[in-house]
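Features reported for this protein in Swiss-Prot:
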- 72: active site, proton donor (ACT_SITE)
- 70, 98, 101: Zn(2+) binding site (BINDING)
- 5-132: domain 'CMP/dCMP-type deaminase' (DOMAIN)
């Protein structure tokens, strides 16, 4: 059985964390990792016990939601709160960090940033990471890896295609169905 890569594993964790987001504008998750071990996670949302944007709407000041703590900051603050060092760690984020999070990541001593999607990627954030010697790499999440029924679905579809072939479906039609299955099961077919 083929196992998923560490990058895919930790990026999937960040996407799961993003599901806890209370921001209706963008759901973001972040996972801090050291030595292939998760040391903290965060998602964008309000302060503990505070009003959530999902309930009351965003509190916009200077085109930013003042109510929301970004996922990266939440993860870094979890480490700070519980005395877990971040020096030399890696962070996996669903979206490219904003300038403020970029500065916090650098100050926390995090050495590598993995992100899945560009989102308002600012050239100054890129410049700061480069100046600080922080490695930045895009790791797009293969969504198939978080589908817990993927193998069963793949097996089922392969069985159906086999039955269609046995039933005498035209080769051209079988080819079309197989191509459609390939797009659904990109990583595994």
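For all residues, glycine too, the Cβ spot is worked out from N, Cα and C.
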Shell list (Zn(2+); ref centroid = CB of 70, 98, 101; cutoff 8 A): 71, 72, 73, 97, 99, 100, 102, 104
Cβ-Cβ neighbours of residue 101 (Zn(2+) binding site) (radius 10 Å): 24
70, 72, 98 as recorded positions, winner by CB count within 10 A: 72
Composition by DSSP (helix, strand, coil) of residues within the domain 'CMP/dCMP-type deaminase' (5-132): 47 helix, 31 strand, 50 coil
Between residue 101 (Zn(2+) binding site) and the residue listed as 'active site, proton donor': CA-CA distance (Å): 6
Average pLDDT across the domain 'CMP/dCMP-type deaminase' (5-132), rounded to a whole number: 94
